[in-house]
Amino acid sequence: MTNIRKSHPLVKIINSSFIDLPAPSNISSWWNFGSLLGICLALQILTGLFLAMHYTSDTATAFNSVTHICRDVNYGWVLRYLHANGASMFFICLYLHVGRGLYYGSYMYTETWNIGVILLFAVMATAFMGYVLPWGQMSFWGATVITNLLSAIPYIGTNLVEWIWGGFSVDKATLTRFFAFHFLLPFIIAAMVMXHLLFLHETGSNNPTGIPANADMIPFHPYYTIKDILGLLLMITALLTLVLFSPDLLGDPDNYTPANPLNTPPHIKPEWYFLFAYAILRSIPNKLGGVLALVLSILILIIVPLLHTSKQRSMTFRPLSQCLFWLLTAXLFTLTWIGGQPVEHPYVIXGQXASILCFXIXXXLMXLTSLMENHLXXX
């Protein structure tokens, strides 16, 4: 009799994905973020489910229902701050995961990569809609500003914005539909994660050298299960430290003021994980141009596989490309900082320069440097 693990229709799928899966023997801790993202998604769905049991999506009561969760529900404050800071952990892991893919050439698995980019968009949309739900000042004005960007689309823009709002401003209808979508999207994301893994398991994992590791594979369990558990413990420690010691560190104090359409906050800004994109949006003086740059800042990931001109897959043995990669990282950190600053003299010009640098590195310099390195390797 064969083992149930290998014969049962459902269990054998789990077995071939998490137990007997052949994995390269040399994948580093940068390969931990996939499993951490899975845990983040599960945590967000779970805490979100319990929050939704006590939340009301009505403009009159939304803000008070969140206060009620924090004050009156048993451990409601833990749920709320786990959910809010869990989103931050989610994005930290996401950006590191994408950065790993760029550095080690994992984008050469185009199907896996493209689904990953769509997943990134979906998670960003979900996070944006979630930020609107507490109905504080930043929730309301963030929703107003970001949905208004769609009015830059020629001809249909204004109608589109009013259709999304369900009226002539962000109001009751908007909040209700955002709650509905915020609840629905994570389950769609979970389904897409399945497809992401399905495509990954067609090819197997990449590794730090970028050279096929077929000759040297080890079973996923116990080696990488224990390694993933270590990563999980570190992430949970960081998350709990944040939640229990300074839960509002990454939040905006303005969101503790109930939404007021008659009073605009002095500095409207999104959560920290969108600041780089917000800075790119603001650095272009034209509305439509800014919106295009905002979308392209993420969409550019789709064309990365097309711009791969190197004979080597990974950047491990390409010092010039490494310099560009870390310059890109520095430029994104700079944009994140500038996105949180007011629109004043030094920040505007620096933001424009960083934006141009980001696009230039990703779209032109990487491809040219790789071509140059091919000749260096020959010498």
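Cβ coordinates come from backbone N, Cα and C, glycine included.
In Swiss-Prot this protein carries:
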- His83, His182: heme b b562 binding site (BINDING)
- His97, His196: heme b b566 binding site (BINDING)
- His201: ubiquinone binding site (BINDING)
- 33-53: transmembrane segment (TRANSMEM)
- 77-98: transmembrane segment (TRANSMEM)
- 113-133: transmembrane segment (TRANSMEM)
- 178-198: transmembrane segment (TRANSMEM)
- 226-246: transmembrane segment (TRANSMEM)
- 288-308: transmembrane segment (TRANSMEM)
- 320-340: transmembrane segment (TRANSMEM)
- 347-367: transmembrane segment (TRANSMEM)
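Features recorded in Swiss-Prot, as mapped to the structure shown.
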| residue | record | DSSP (3 states) |
| --- | --- | --- |
| His83 | heme b b562 binding site | helix |
| His97 | heme b b566 binding site | helix |
| His182 | heme b b562 binding site | helix |
| His196 | heme b b566 binding site | helix |
| His201 | ubiquinone binding site | helix |
Greatest C-beta neighbour count within 10 angstroms, which of the binding-site residues His196, His201: His196
Positions on the same chain near the transmembrane segment (288-308), where near means CB under 8 A and six or more residues out: 98, 102, 105, 107-108, 110, 113-114, 117, 120-121, 124, 149-150, 152-154, 276-278, 280-282, 355, 358-359, 362-363, 366-367, 370
Stretch among 33-53, 113-133, 178-198, 320-340 sharing the most Cβ pairs under 8 Å with the transmembrane segment (226-246): 33-53
Nearest of the binding-site residues (His83, His182, His201) to His97 (heme b b566 binding site) - Cα to Cα: His201
Residues near His83 (heme b b562 binding site) in space but at least six apart in sequence (CB under 8 A): Gln44, Thr47, Gly48, Leu51
Those residues of the chain, 6+ apart, with a Cβ under 8 Å from that of His182 (heme b b562 binding site): Gly48, Thr126, Met129, Gly130, Leu133
